[in-house]
Amino acid sequence: MTDQRFGLSRHARLGPLRLDGGATLDVVEIAYETYGTLDAEAGNAVLICHALTGDQHVASPHPRTGKPGWWTRLVGEGKPIDPARHFVVCANVLGSCMGSSGPASTDPATGRAYAMAFPVITIRDMVRAQGLLVDHLGIRTLAAVVGGSMGGMQALSWPATFPDRVRAAVVIASTARHTAQNIAFHEVGRQAIMADPRWRGGDYPADEPPAAGLAVARMAAHITYLSEIGLTEKFGRKLQGREAKGFGFDADFQVESYLRHQGLSFVDRFDANSYLYITRAMDYFDLAEEHGGTLAAAFRPTAARFCLVSFDSDWLYPTVESRHIVHALNAAGCPASFVELSSPYGHDAFLLESPAMNRVVDGFLRGGA
Amino acid sequence: MMLRPDLALIAEHVVPGTRVLDIGCGDGALMAALRSRSKVDARGLELDAANVAAAVARGLPVVQGDADIDLGGYPDGSFDYAILSQTLQTTRGPHLVLDEMLRIGRLAFVSFPNFAHWRVRLSLLWGGRMPVTELLPEQWYDTPNIHHVTIGDFRAFVGERGLVVEGAWFLGGGRRRGAGGANLLAEHAVFLLRKR
């Protein structure tokens, strides 16, 4: 008899969950997937945390777009995280729109979608929701928690929130706090959404979303995921399907056309209100602030090992942010590994082919055995 | 696996079960040996990204960083040993790095190539050229060794700073040598130091 808790496209009704903002969600829905087999001691579980607009389909095709899982370069047969050895869990974060509780979920108090009545959440709330899921799956201690970008914030927050429930954390292209610049870019995106008349204070019908605003938000954010050298290499000043400039405001340049495409394809798969809530959670993230203003204090109670990876062309969460975390880990006496890898692809590098990243993650995960 | 002679010497003298910070740990050869042979809790710091990746890929806790910049984050007395092998002469502030080592570690192992070895002296004396030897293979313009030091210099330095030499070992011609004549005959020196 197969255990209904394990497999692809799973769903759990959990809760209650008390949130950092003071509210309590009586029911927390979590959509998730598992790969591989949980061993008899429940000691081989690896939790993968996704980024801002990611989802639980880390190594299985996306149901709406049909694209392969978003981290098949790192997760899969023969990869550093291998279902043949690991019990892999990936859950849609709290506040998102791929099946977990978020602003598009039904508010039991009204019978209608929460929209802006959904409580503001934090990265730690996401982590606590994952904690409920891990309980539900019968896992006491995670062998590792692994994430890039916002997933890295969760991976960092895990040992700080549950010091004795995780043995290793892999934090890739991430940060322990959002800087003013990070917040500023997110605010541009939020304002674009809220300035769209179709947003209607958040109460838009599902089939009439503020698509124009969300697309602009995505375009602005997408620039921060790339690097200048990457954009120059890919597009330069090349024109899009024309011989000369059009002296108008069509997408003359390839880079414009590319960004418009990124924006338009994004609105088909993502909810505008979820975008507001999750960017807010990231902006609120400051792990040191949660621990009396000292980052090292966040790590002192845990015996977990840490592995950090940054990319030299990532200006969203540059190497200096990882180094800041490493200094705090050293101060706390935590075993830490850290390397800055070279890539022309900016922040997005963590999602792309990187043999060096794979070697580092593989060695780090095996090193704990 | 064969360790470089100065590393083998250090490995031999690290007390099992202790905590070690290997500054400039390269690909982690010494750390790996310490961990497997003497159950040492070894952490590493290394400047070169490829070396760091190699060390982490073998499961070692190594962070990318610069001895001149990144030692400040380690708390006082958090290690039994701070080790600096073949790195002192590449730092911008060797004296400051050594201060940091003895702040972080109770004891400090320092190994360095001896710039007063007879081959180096001959090269300068007869050739009038900066020496390029097996041990110092780079040309003057691309060498990472920006603070060449001799055993004589180092002894004087240790004396001026009032440090205690717990042990000193000298390597030359593929074997260990005595302290007498070391400044002429030893290619490598390893010192074990502590504060008074």
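Even glycines carry a Cβ here, placed using N, Cα and C.
Curation plays no part in TrEMBL annotations; they are all automatic predictions.
Summarising the annotation, TrEMBL assigns domain 'AB hydrolase-1' to A:44-353.
The active site, nucleophile feature in TrEMBL is assigned to A:Ser149. According to DSSP, A:Ser149 (active site, nucleophile) is assigned to coil rather than to any helix or strand.
According to TrEMBL, the substrate binding site annotation covers A:Arg218, A:Asp348. Neighbour density for A:Arg218 (substrate binding site): within 10 A of its CB lie 23 other CB atoms from the protein chains shown.
The active site annotation in TrEMBL covers A:Asp314 (among others). Its own atom aside, the Cβ of A:Asp314 (active site) has 28 Cβ atoms within 10 angstroms in the protein chains shown.
Taking Cβ-Cβ distances under 8 Å and a sequence gap of 6 or more within the same chain, the neighbours of A:His347 (active site) are A:Ser149, A:Ala173, A:Thr224, A:Tyr225, A:Leu226, A:Phe311, A:Asp314, A:Trp315, A:Leu316, A:Tyr317. The active site annotation in TrEMBL covers A:His347 (among others).
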